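Notes follow once the structure below has been shown.
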Amino acid sequence: QVGLIGGISLIVGTIIGSGIFISPKGVFQNAGSVGAGLLIWFACGLLSTFGALCYAELGTMIPKSGGEFPILLEAFGPIPAYLFAWTAAVILKPSSLCLLSLTFAKYALTPAYGNCDSVPELSTKFVAASLILLVVFINCFSVKLSTKVVTFFGVGKILSLVIIIIAGIVRLCQGYTENFQNSFEGPTPGIREITMAFYQGLWAFDGWNQLNYVVEELKNPYKTLPRALIASLFIVTGLYLLTNVSYFTVLSLDNLLQSPAVASSFGSVVLGFMVWIIPLSVAASVFGTCIGSCFTAGRISYAAAREGHFNQVLAMIHVQRYTPAPAVVLNVKTDFSIPYINFNTGTCIFNIILLFYKNFDYISTKIPKCCSFLQGLIALLMVIPNDFDSLVNYYSFATWAFYFATSITVLYFRYKMPDRHRPVKVPIFVPIIFSASALCLVVAPIVDNPEIQYLVAVLTMLFGLVFYFPFVHFKVK
């Protein structure tokens, strides 16, 4: 039911979230200068495009939903595929949805309280929890409704960026170009600083692979998938570059680095009494991203369960709505535990779901008893990164480890299966460059400056083996 426009909207709607409004500070802080920062933004767009091309070949060659899961399963076997599904479905996707929900709440409440810093924590959590319920309901209710909502807010978030871009062009025409003079003056970034800048920028581009999670739900996937990927990346890269240029028509590099919310600081100078447009635009942008993120997250659990890697209840489809409702609901239990940092909240939500499912004897005995314990464990793991930048670096490290593993399968399949039908075949230099870049992003920060967050990321991924061997490999019931 997802066509070309819906696919483009899903990718653009998922990529453009809070990143372009928050990440510029991290990119330019590590880049050291305006010119170097803009080059890194362009390089992030180019690298994401190369990744999208690799995924277009893989997604049309293996047209199965679940993103990296079916690709890693066919290339390297069950353990790498399971570790990806574990990391994505239990850690990355739910926590990402939670952080997006908290960002939405913060910006949505800003007009009522004057600024982001004045918003009460309890109000933020309440709105975030309500948003999660709404997002999960929409994704469980209808595939068509999900794509329509993503399309609507995708248009809205592009319009919000267009407002910033138009204001920036007007400022450039008025002669506000002093922040671009000597744009490469500043400290020379080292390997670690360049890697951290890429982490921040690529986090803003994260979502370019979302259509691979729903390949089976695309109309004519062989044509829709590559066209939607390429079109989306061109749109997003252009918008991001123009938006960053617009920021510097108002803010100097020092002002941008000192700003807690770059877009709000820009709006307070340019929009005057209409400054409330910016936080509401950010909130709308993040809402669309939440819908898209949840839409694809459920497909990972669904795909893994269909292969017997997750509990089979997660492979079930709603008989009327044709949505993977149990897999989508899985996100709720994790998400609620994070904003409240509370063992009992997630456990209670899970027990309510369990009581509901006990009315259906075909699944009541299938749900693993360890899920309640995982609630507190996941909540504790999510507390480890204590600020936005460290959280982005933590998850970017894990994400790019799997991007590397997936991208090298292009080369692996070219060698092992040269005659296999490939509706889309990219030039060989594309997967080579992307794989090498992904490997550098994983290895460089560890070599240059080892930190505990990278060890935590590795241990978190490997922790899935604790459940894989008894429940998947040995099939303990």
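A Cβ is built for glycine as well, from the same backbone N, Cα and C atoms used for every other residue.
According to TrEMBL, the features are:
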type: TRANSMEM; residues: 6-24; note: transmembrane segment
type: TRANSMEM; residues: 36-62; note: transmembrane segment
type: TRANSMEM; residues: 151-173; note: transmembrane segment
type: TRANSMEM; residues: 228-250; note: transmembrane segment
type: TRANSMEM; residues: 270-297; note: transmembrane segment
type: TRANSMEM; residues: 394-414; note: transmembrane segment
type: TRANSMEM; residues: 426-446; note: transmembrane segment
type: TRANSMEM; residues: 452-471; note: transmembrane segment
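Taking pairs at least six residues apart, the transmembrane segment (6-24) and the transmembrane segment (452-471) share fewer than three Cβ pairs below 8 Å and do not count as touching. Only sequence-distant pairs (6 or more apart) were considered; of these, fewer than three Cβ pairs between the transmembrane segment (270-297) and the transmembrane segment (36-62) are under 8 A, so the stretches are not in contact. Ranked by the number of CB pairs under 8 Å to the transmembrane segment (426-446), the listed stretches 36-62, 151-173, 228-250, 452-471 are led by 36-62. Contact between the transmembrane segment (394-414) and the transmembrane segment (36-62) is supported: at least 3 Cβ pairs lie under 8 Å, counting only residues 6 or more apart in sequence.
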